[in-house]
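Enquirer: Before I ask anything, let me first share the structure, which is written out below as structure tokens.
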Amino acid sequence: MMSAFLLLALFSDCLLTVVAMPLEGSTQCPCVNHTDSSYGRGCRAHDINGSHYPQCLSAEPPKWCDDHWCYVDRSNCDVTNEISASEGAEKYWSYTTCGYRDLFSLANITESIRGQTLRVLFISNTGGWKGNYCSELGQICVNQRGRGPTQRIIDTLTNSAGFRIEQQQDVGSSQNFGVSGSLGADGQGMGFVDICGCSMVMLPRRTDASPFITMWSEPVIMVGPTRLEQPSDDFVSMLGRAFRPFSPSLWGTVLVMALSISFLITLLEKGEGGQFQELERVDTFGAGLFTAFFSLVTFEVQFQPQTVGGRILTLGLSFMLVLLVSGYTATLASFLVVEKRLTSPIDSLDDAIRLSYKVGTGFRSPPNLKP
């Protein structure tokens with residue numbers, strides 16, 4: 001239990017994004033009498049003035065002094081809450097309902113072990129880059145602490161919480177603890193040690209023996225059959241790749257913009273002295289529509305404007321096509337490259353079950369099968 005408290009204290013210095021809550025708190029745990037402005041009523045920074053905790057008036061007050069909390073009714077509260085130890089009547093308070101983390105309890109836990117000497121057992125891991133490593137893998141570190149990420153975590157804890165370490169060389173009658181990997185969890189759970197310095201897989205037995213905080217999680221690693229897959233290079237697939245540089249929504253936007261500008265150019269060029277002055281109305285519409293699509297397909301403006309307005313709009317359409325062709329050619333090559341790659345029919349454990357694959361697991365050391 002002590003290691004769980006220490007690990008909590010380690011992360012108490014992390015910056016948190018606080019979600020502002022109303023005075024009444026969250027709906028899952030409303031504050032008691034939030035309209036009352038007295039101490040503990042409504043989500044407020046009740047300790048900032050130091051009326052109950054003088055340390056909040058010090059030069060460097062604890063971080064929890066500025067945090068908001070309120071008294072709550074435990075029977076009507078579904079979020080984290082604690083009983084008040086300083087009030088005469090039984091009261092419960094909660095930082096969570098006000099959108100804050102409970103740094104008050106963490107600070108008290110840290111202060112309770114400051115200056116204390118804790119019994120620490122260092123165990124060497126058998127593999128992986130995380131953990132602690134000594135000369136004999138999988139065994140208790142004797143006359144040495146070890147090295148590795150877990151070792152650095154222990155050093156950070158001692159510096160932040162201010163406790164001393166008394167290294168343990170054995171755990172009672174260690175032959176009764178089963179496999180060596182469970183020495184830390186069993187020894188801590190039975191009170192032989194306060195902290196176990198190693199990285200271990202949290203098997204059910206170890207979880208039952210001692211509570212831990214999961215500091216990291218490993219993804220499921222699956223080793224299965226693979227096959228060499230090559231993308232299809234038929235005509236239909238190649239035709240589809242030609243349009244892949246842009247999403248369907250972007251293609252739609254480009255089409256609407258090109259047609260809109262082309263329609264305006266056609267209207268202006270229908271006037272006196274314009275490109276389509278001599279054409280009938282239907283012929284003008286057809287010629288404008290054809291020219292618009294032809295410009296879009298060739299990425300080059302096909303209009304020959306004669307009016308000032310038509311020329312200005314043609315310049316705008318030309319600039320849009322320049323941007324379009326630049327982005328298109330920059331990404332088209334990557335979609336046209338055909339490469340072979342290894343793929344697997346299994347992407348998850350559900351796939352393995354669905355395909356009736358045999359799944360095997362292994363141990364670095366024999367498991368303890370004793371009752």
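Note that Cβ sites are derived from N, Cα and C of the backbone, with glycine treated the same way.
Automated prediction, rather than curation, is the source of TrEMBL annotations.
Among the features that TrEMBL reports, domain 'Ionotropic glutamate receptor C-terminal' is placed at 248-351. Feature annotation from TrEMBL assigns signal peptide to 1-20. The annotation transmembrane segment is assigned in TrEMBL to 250-268, 284-303, 315-338.
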Enquirer: Averaged across the domain 'Ionotropic glutamate receptor C-terminal' (248-351), what pLDDT does the model get? Just tell me the whole number, please.
Expert: 82
Enquirer: Against which stretches of its own chain does the transmembrane segment (284-303) lie, if we need a Cβ under 8 Å and a gap of at least six residues from its ends?
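Expert: Distal contacts: 254-255, 258-259, 262-263, 265-266, 269-270, 275-276, 310, 314, 317-318, 321, 324-325, 328.
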Enquirer: For the domain 'Ionotropic glutamate receptor C-terminal' (248-351), jot down how many residues DSSP puts in helix, in strand and in coil.
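Expert: Result for the domain 'Ionotropic glutamate receptor C-terminal' (248-351), in helix, strand, coil order: 72 helix, 3 strand, 29 coil.
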